[in-house]
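This report refers to the structure that appears directly beneath it.
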Amino acid sequence: MSKRDYYEVLGLSKGASKDEIKKAYRRLAKKYHPDVSKEENAIEKFKEVQEAYEVLSDDQKRAQYDQFGHAGANQGFGGFGGGGDFGGGFGFEDIFSSFFGGGGGRRRDPNAPRQGADLQYQVTLDFEEAIFGKELNVEIPVEDPCDTCKGSGAKPGTSKETCKHCSGSGQVSVEQNTPFGRIVNRQACGHCSGTGQIIKEKCTTCHGSGKVRKRKKINVKIPAGIDNGQQIRVSGKGEAGVNGGPAGDLYVVVHVRNHEFFEREGDHIICEMPLTFAQMALGDEVEVPTVHGKVKLKIPAGTQTGTEFRLKGKGAPNVRGYGQGDQYVVVRVVVPTKLTSQQKDLLREFAGQEEQDDSLFGKLKRAFKGE
């Protein structure tokens, strides 16, 4: 697709003056700027206007264009992408940020109160500690207001002074030349780092920062039922606020060690209980460990391996107080690796019988129990 004539793009004749070119560009650039225009092809038109101005505003490029057209204008001058600059470190984005609320926008008061940073602390608990909860005293490295200068950063007996360069505003005005004329931008004052205040005599303890690094002891209550990976928020125990703002928060992340017998799924506790073939086949009553103590569990005769039994209320308490979980006991048959001659004979007898009677079951039970 052939390019349009640059003079036509800007709506000008070939004899247009530099001032006319600048005015036309300024009007069209504002009209087609993507942040303002709702036209469907605004971006393409904006780029076209930008490219035309880049050539016609430069005497050498304009002369090449007038003599050779687009081929001459593009010879040795590179492309005309959206990131082109006018020179002097001031580009198109700077110009339009000034027009549409960028550099000239309202800035935050540098001396306004601000909340301190949040902190994170990792803690590892045993399985039972997570179930029943625990109270901990932890030491956290924090930045607190300096006791010597009371957080001002100034040497005791002295005070901060208003910055003369920005009159205490924390901002200074910077003028820059653009194709649209002079633009005044506001930026942070380099003399006071945007605070509006100067510390002439710094505190020797904190060296003017107003803060010192220290370790603070904090009491943390771990709620019953907390699970691995959950965190506790301790309000106001983070870093100190700035300019009188509130302190941040402390987040305690909990890790729970694995247990050799129990596993956890939400508020429920899972365990596997090994039983003998005789206990599964003939039934039995066994003691099952729980985090609340041992309980009796009746195993019905003919129980299959993998059967799950529920012990109501023997799980973990819900961390938010919504009831109590259960414990699920999965029974697994344990095949003996060493059998006596009597046990082997009874098993062979059992395997050879099509119909079992009570006398055989009794013999098996006594044999596996060593009676």
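In case you wondered, yes, glycine gets a Cβ from its N, Cα and C as well.
Copied over from Swiss-Prot, here are the features:
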type: BINDING; residues: Cys146, Cys149, Cys203, Cys206; note: Zn(2+) 1 binding site
type: BINDING; residues: Cys163, Cys166, Cys189, Cys192; note: Zn(2+) 2 binding site
type: DOMAIN; residues: 5-69; note: domain 'J'
type: REPEAT; residues: 146-153; note: repeat 'CXXCXGXG motif'
type: REPEAT; residues: 163-170; note: repeat 'CXXCXGXG motif'
type: REPEAT; residues: 189-196; note: repeat 'CXXCXGXG motif'
type: REPEAT; residues: 203-210; note: repeat 'CXXCXGXG motif'
type: ZN_FING; residues: 133-215; note: zinc finger
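Within the model, the repeat 'CXXCXGXG motif' (189-196) shows a mean pLDDT value of 83, rounded to a whole number. Here the repeat 'CXXCXGXG motif' (203-210) is broken down by DSSP into helix, strand and coil counts: 0 helix, 0 strand, 8 coil. Cys189 (Zn(2+) 2 binding site) and Cys206 (Zn(2+) 1 binding site) are 23 Å apart (CA-CA, integer value). Apart from Cys146, Cys149, Cys203, Cys206, the residues listed for Zn(2+) 1, the same chain places the Cβ atoms of Asp147, Thr148, Lys150, Gly151, Ser152, Gly153, Ala154, Lys202, Thr204, Thr205, His207, Gly208, Ser209, Gly210, Lys211, Val212 within 8 Å of the centroid of those Cβ atoms.
Each of the binding-site residues Cys149, Cys163, Cys166, Cys189 was assessed for Cβ neighbours inside 10 Å, and the highest tally belongs to Cys149. Per-stretch counts of Cβ pairs under 8 Å to the repeat 'CXXCXGXG motif' (203-210) identify 146-153 as the leading one among 146-153, 163-170, 189-196. Counting only the Cα atoms, the space from Cys163 (Zn(2+) 2 binding site) to Cys203 (Zn(2+) 1 binding site) is about 18 angstrom. For Cys192 (Zn(2+) 2 binding site), the same-chain residues lying six or more positions away in sequence with a CB closer than 8 A to its CB are Cys163, His165, Cys166, Gly170, Ile198. Helix, strand and coil counts from DSSP across the repeat 'CXXCXGXG motif' (146-153) read 0 helix, 0 strand, 8 coil. For the repeat 'CXXCXGXG motif' (146-153), the residues of the chain that approach it from at least six positions outside its boundaries are 159-160, 199, 202-206, 208-212, 240, judged by C-beta separation under 8 angstroms.
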